[in-house]
Each structure stands twice: as C-alpha cells, then as structure tokens.
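Enquirer: First, the structure itself, so that you have it in front of you.
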Amino acid sequence: YNIPLGWGRRDMPGCLGVLGNRDLYDDVSRICSDCQNVFRDKNVESKCRSDCFSTSYFETCIMALDLAEKISDYKLHASILKE
C-alpha cells in the first residue's frame, strides 16, 4: 500500500475504504477538524472521527457547521470509507 507520510492508524479509525478514497476522507475529516475549532474541546475531533465517522458526534458536527443540506452526502462518504 502506498500510504502518504504522516498517516497513521489514528487517522483512519475503522475506515477500511480510505485507501483509494483520500478525497472523501479529507472531506469528512475536515468536518471534524472544523467542529473542534467551533467547540474548542480537544475531544470533539476524535469523537467525531470515531468508528469511521459513524457516531452521532459526526452528525452533530455537520449540523453545528450549518451544513445540514449536505448531511446525506457526508454520511454517504463516511459509509464508503467504512466498507
């Protein structure tokens, strides 16, 4: 596998489909990073990413970032990554 430098297991929590889908991963991962900046809580990002973005934290972050109109797209991306 050709995994970019700087990537580790913590970057892909349960996301078996991340290889070959880096653009999707970057897209959903950015939601969690932005969410942590909004809430200023060091645990938000890891909770958002947990179980490959399939927890309620991920959905809460989408809503907190005022991206409700794209929630189905982000959930689809997360499900692709989890495969």
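Heads up, the Cβ atoms here are built off N, Cα and C, so glycines get one too.
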Enquirer: Check Swiss-Prot and name the cysteine among C15, C48 that pairs with C32 in a disulfide.
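Expert: Among C15, C48, the record in Swiss-Prot lists C48 as the disulfide partner of C32.
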Enquirer: Disulfide partner of C52 per Swiss-Prot: which of C15, C35?
Expert: C15
Enquirer: Where the distance is taken from Cα to Cα, which of the disulfide-bonded residues C15, C52, C61 turns out closest to C32 (disulfide bond)?
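Expert: Nearest in space to C32 (disulfide bond), counting only the disulfide-bonded residues, is C61.
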